[in-house]
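J.: Below are the features I grabbed from Swiss-Prot:
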{"type": "ACT_SITE", "residues": "Glu117", "note": "active site, proton donor"}
{"type": "DISULFID", "residues": "Cys3-Cys18", "note": "disulfide bond"}
{"type": "DISULFID", "residues": "Cys12-Cys24", "note": "disulfide bond"}
{"type": "DISULFID", "residues": "Cys17-Cys31", "note": "disulfide bond"}
{"type": "DISULFID", "residues": "Cys36-Cys40", "note": "disulfide bond"}
{"type": "DISULFID", "residues": "Cys73-Cys136", "note": "disulfide bond"}
{"type": "DISULFID", "residues": "Cys148-Cys156", "note": "disulfide bond"}
{"type": "DISULFID", "residues": "Cys255-Cys287", "note": "disulfide bond"}
{"type": "DOMAIN", "residues": "1-42", "note": "domain 'Chitin-binding type-1'"}
Amino acid sequence: EQCGRQAGGALCPGGLCCSQFGWCGSTADYCTVPGCQSQCSGSGPAPGPGGLTNLISRETFNQMLLHRNDGACPARGFYTYDAFIAAARSFPAFATTGDQATRKREIAAFLAQTSHETTGGAGWAAPDGPYAWGYCYNRELNPPSSYCASDPNYPCAPGKQYFGRGPMQLSWNYNYGQCGRAIGVDLLNNPDLLSSDPTISFKSAFWFWMTPQSPKPSCHNVIIGAWSPSSSDRAAGRATGYGVITNIINGGLECGKGWNAQVEDRIGFYKRYCDILGVSYGNNLDCYNQSPFGNGVSVDSM
């Protein structure tokens, strides 16, 4: 096997599709979803990020992440449009699958979920409202531990800590190891790259977004409509929509417990970004009545 869950989440080179069996190719056998695991499209590798720059310009990016470079934000100056676009080149299916509304909705959903993970504004005056303060942080504040777990495949490097870093706040040595293997960077020995190199930092978030972790689908497949809930998903209240993405990311802490401020914050960012991009929200935005997925990579276990 060359890619996907059979190869630690590795991506195929050159934008090739990863089949359900973990092999790289460009024909329908490899690229047809839902069997395809990553870099999927209906007829071979998806186009590169030229389409992405047409959907979200530098000006729009700056409007969406309005206060990321504010003096109150510890990560000011770190997250750039150029790094976002450069990182997307390693994940050519991102925001290139489906019609224009679907592609815009994926951009909104990705930036919304990562904005929640990196949000500022709490505890100080937040001009323009709380949903204009995404991407304020690039590393976890006051981590409670080194996030080092015993793992024969991805052992902790001496003296290194694996607390939350980057847009998706990737945590734990086994997640750094899988991600690093997929993007071709030794993150086990160099975890600080996620808070010092903005392109690698964005790549870590795209890796999480595009990679399914059984029994969870990828966030990408959910937002483009390639995931169909099984009978057990339906019994658990999980239906296609933005709410399932929240479940994938942090369902253990936020889903199936009724209304809570964390889920509302994720929805608030999403609605603001959809409005800026001029696209509808879709259905099933929350996960209040969804049971969490089983074990798998998620921010709450990261």
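Even glycines carry a Cβ here, placed using N, Cα and C.
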J.: Indicate the candidate from Cys18, Cys136, Cys148, Cys287 with the smallest number of other Cβ atoms within 10 Å of its Cβ, considering only these disulfide-bonded residues.
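T.: It is Cys148 that, of the disulfide-bonded residues Cys18, Cys136, Cys148, Cys287, has the fewest other Cβ atoms within 10 Å.
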J.: Determine, to the nearest whole angstrom, how far the Cα atom of Cys156 (disulfide bond) is from the Cα atom of Cys3 (disulfide bond).
T.: 23
J.: Just the number: how many Å between the Cα atoms of Cys24 (disulfide bond) and Cys18 (disulfide bond)?
T.: 5
J.: Find the shortest Cα-Cα separation between Cys31 (disulfide bond) and the disulfide-bonded residues Cys3, Cys18, Cys148, and name the residue that gives it.
T.: Cys18
J.: Hey, what's the Cβ neighbour count for Cys31 (disulfide bond) at 10 Å?
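T.: Cys31 (disulfide bond) is surrounded by 23 other Cβ atoms within 10 Å.
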J.: Check the DSSP secondary structure of Cys148 (disulfide bond), expressed as helix, strand or coil.
T.: coil
J.: Of the recorded positions Cys3, Cys73, Glu117, Cys255, which sits closest to Cys17 (disulfide bond) by Cα distance?
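T.: Out of the listed candidates, the nearest Cα belongs to Cys3.
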J.: Please work out the mean pLDDT for the residues of the domain 'Chitin-binding type-1' (1-42).
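T.: That region's mean pLDDT is 74.
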J.: Taking Cys18 (disulfide bond) as the reference, which of Cys73, Cys136, Cys255 (the disulfide-bonded residues) have a CA within 10 A of its CA?
T.: none
